[in-house]
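Novice: Structure incoming, see below.
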């Protein structure tokens, strides 16, 4: 193993000089002697000097310290030993529960599965959240993005999906916390512990307070652990079905921007790194399903200033099967989850995949909401009285649909005081079809707010009329 010495330190960037015939390769990990710091080689500058990014604080580093080349990329523990544990970007435990007992270590930089090994699935994944199941259904083994600005409920939606899918799903889950709040990571750990599914979840965190190198690589660490579960075959030659949760993919891009600037690259549009599309592709192309096992990934995507055309969310869109767009306007009406049914999409929205009844109901709901959206300007200027009877009926049904899309969440029980509701896909389709058919035109729209199935709305309406 070759050794070099540190010649320059600028923030998180460390230059190390080696003998010219022993220069480490790009992405090789270097260990700094006498410290716990790992450096990752990013560039070869010539004359034996390599430029590296520190994975950890550079406090206490000084020139002439020795750095040893490990001659391989960062390797992290994989396998059953990671379940129930919280680890950092290097796979070191941060939950004070002793060492991670792993039989194997995998490098975090890996090639994506070849085209012939990949498989696509059209099997639906039921989430129990009405608006998602109806308007932008998820595919098993697909990629889902939760898009939203600050404070519209990305993390709460993700926690509810974890609650509904990970608990019902008998397989394994990996949670990668990329540049998010430490408190949320802590809440997630206790949530999993209280619901007795901690032994099926591996958690990897590189939170907001950590250097950019950690935040850039932690998504790859979590993905590597998920890939192991997918690819490790049992006695029947089958891998596992894994759920991968990433919160937040925007922070991965942001860390890439910071690293790019530190390395002195020219910025591109809006100050992002010139390699934005490639960096996103390197991560997303590996999140895929193969013939032996599947990775279903749910990623939260922060939208800066609510601008979906920003290069970061715009680049992410291309890689996803379903997009769930959270809207500030809907949140301001008090409708949660604040999913915009007209802006959310899914590749599964095809009658041959989801069935004609589901497809037709979703289309009718969309048409009713679109008509209401177009009539809003007229209503604002002239009022409801100027509308035709048919338009009044459409507006009334659209407002009921909007309210029926709201739903109490299990993870928000502590705040709202109302118990969470899981609504099956069959009940969801039946409820919305009945509203579109006008079966509930006689009920007040308030009855549809924050209920589960359509029967609960009828029951709520009866209670309201009894009180009146």
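Placed from the backbone N, Cα and C atoms, the Cβ positions cover glycine too.
From Swiss-Prot, for reference:
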- 148, 149, 150, 151, 152, 153, 154, 155: ATP binding site (BINDING)
Novice: Looking only at 148, 149, which of these binding-site residues has the biggest number of Cβ atoms within 10 Å around its Cβ?
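Specialist: Counting Cβ neighbours within 10 Å, the top one is 148.
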Novice: Taking each of the binding-site residues 151, 153 in turn and counting other Cβ atoms within 10 Å of its Cβ, which one has the fewest?
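Specialist: Counting other Cβ atoms within 10 Å of each of the binding-site residues 151, 153, the minimum falls on 151.
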Novice: At a 10 A cut-off on CB-CB distances, which of the binding-site residues 150, 152 has the highest count?
Specialist: 152
Novice: Can you list the residues of the same chain, besides 148, 149, 150, 151, 152, 153, 154, 155, whose Cβ falls within 8 Å of the ATP site's Cβ centroid?
Specialist: 302, 326, 331
Novice: So, three-state DSSP: helix, strand or coil for residue 148 (ATP binding site)?
Specialist: strand
